[in-house]
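Trainee: Have a look at the structure that comes next, please.
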Ligand SMILES: Nc1ncnc2c1ncn2[C@@H]1O[C@H](COP(=O)(O)OP(=O)(O)O)[C@@H](O)[C@H]1O
Ligand SMILES: CC(=O)OP(=O)(O)O
Ligand SMILES: [Mg+2]
């Protein structure tokens, strides 16, 4: 029996999203999410897609990622897709921080695990969860290859002048302080899809990708290679996010420590978890912010305006970095669904060739078209503006499968 299936695990700080894909035809066999890991009301929601069976949802206390993954394994087993299934070719894991060491998908061994662990200080919210996902998956099936696909990998092509902070060089080198960038799997996938939508080869297209989810980042992609991105040493720099501040004057930190008497950990927590949209108006969900703006809520309006102003600045910056822009692609939860954010972000940018067709921007394609990339700029616009739904799980599965197919049975350990 040939092994043609890939299980993808995306372990976040408090959730695990997973998908089982059949690579022979690209179909999804099962998918689900475990949420609120470590809390009393954690829950699992599992959809057996291939059989068309009902979604199964259940509340259960999952103390950690190991318990969550064991539950995922049991759900898959119930559908006849146990982790011991010989049709499983590999398990692909999203790993957020790969530092400079990892520039491509990598077969996991003890040395790879040690390096992911060494990078924890640079991604304290994400890498520990990714590690626990990998070690648990290895325990559940020690024979199937485990592949790590890094958020940072796509950004390793950034030129040194974009990756460097203007800091004392010896200190920066000693402590690996540089800009790494994140969400790379999404930026890679979406920039390629945007080129395809224009009927171009990725090597011919310059694309600005705006990945606007809970975490948010922008990238400038020239001829299929990333040349700049908004996240830096950690996923805190750049755009305004759900709970993260994005760019601030670094002296804000000294001020809060020296004058406000906060601890360094306190400031870290403030900037990562109590800032962004949440900090400005008490809500991190863009849908809720739209609702409050409609009602005339001023704090929500200010949060929306700060979010959009930052976004606009990065779009302008990346027009300058790229010189010629073929497409601007909006993606992830906010980018794919919020017509008001897209409209406000591009307002007044006609001078840069950026225009929207309002009817296209407001349209909400249903059914099989809902997941497809679509243009929202008018016919004949100098720069194409597009909504391109991201699919990090599919991209991780394809990169994982390509690696184990290349390596052949020797990849098995
Ligand atoms: N219809 C919508 N309008 C505006 N924002 C939306 C809509 N649907 C989802 N979102 C926003 O998308 C965000 C989550 O994006 P997502 O890409 O799923 O995040 P992540 O994968 O980082 O958890 C939330 O802030 C949510 O408010
Ligand atoms: C790197 C990052 O910010 O990831 P997420 O958006 O999943 O939090
Ligand atoms: Mg996401």
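Just so you know, glycine gets a Cβ as well, placed from its N, Cα and C.
Residues annotated as Mg(2+) binding site in TrEMBL: 10, 392. The feature ATP binding site is assigned by TrEMBL to 17, 211, 212, 213, 214, 215, 285, 286, 287, 333, 334, 335, 336, 337. Marked as substrate binding site by TrEMBL: 94. The active site, proton donor/acceptor annotation in TrEMBL covers 151. As annotated by TrEMBL, site 'Transition state stabilizer' applies to 183, 244.
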Trainee: List, in sequence order, those recorded positions among 17, 94, 183, 244, 287 whose Cα sits within 10 Å of the Cα of residue 10 (Mg(2+) binding site).
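Mentor: Cα within 10 Å of residue 10 (Mg(2+) binding site): 17, 94.
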Trainee: Have a look at the binding-site residues 17, 94, 285, 287, 334 and say which one has the shortest Cα distance to the residue listed as 'active site, proton donor/acceptor'.
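Mentor: For the residue listed as 'active site, proton donor/acceptor', the closest Cα among 17, 94, 285, 287, 334 is found at 94.
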Trainee: Tell me, in order along the sequence, which recorded positions from 244, 285, 336 have their CA within 10 Å of residue 392 (Mg(2+) binding site).
Mentor: none
Trainee: Check the binding-site residues 10, 214 for other C-beta atoms within 10 angstroms of each C-beta and report the one with the most.
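Mentor: Output for this query is 10.
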Trainee: Out of 17, 214, 285, 336, which binding-site residues have CB atoms lying under 6 Å from ligand 2?
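Mentor: Among the binding-site residues listed, those whose Cβ sits under 6 Å from ligand 2 are 214.
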Trainee: What kind of secondary structure is residue 392 (Mg(2+) binding site) part of, going by DSSP in three states?
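Mentor: For residue 392 (Mg(2+) binding site) - judged by DSSP and reduced to three states - the answer is helix.
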Trainee: Could you measure between residue 183 (site 'Transition state stabilizer') and residue 336 (ATP binding site) for me? Cα positions, answer in whole angstrom.
Mentor: 16
Trainee: Using a 10 Å cut-off between Cα atoms, which of these binding-site residues sit near residue 244 (site 'Transition state stabilizer'): 214, 287, 334, 336?
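Mentor: Qualifying among 214, 287, 334, 336: 214.
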Trainee: Among the recorded positions 10, 17, 183, 212, which have a Cβ atom lying under 6 Å from any atom of ligand 1?
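Mentor: Qualifying residues: none.
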Trainee: Should residue 334 (ATP binding site) be counted as helix, strand, or coil on the basis of DSSP?
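Mentor: The three-state answer is helix.
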Trainee: Which whole-number value in Å describes the distance between the Cα atoms of the residue listed as 'substrate binding site' and residue 214 (ATP binding site)?
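Mentor: Between the alpha carbons of the residue listed as 'substrate binding site' and residue 214 (ATP binding site) there are 16 Å.
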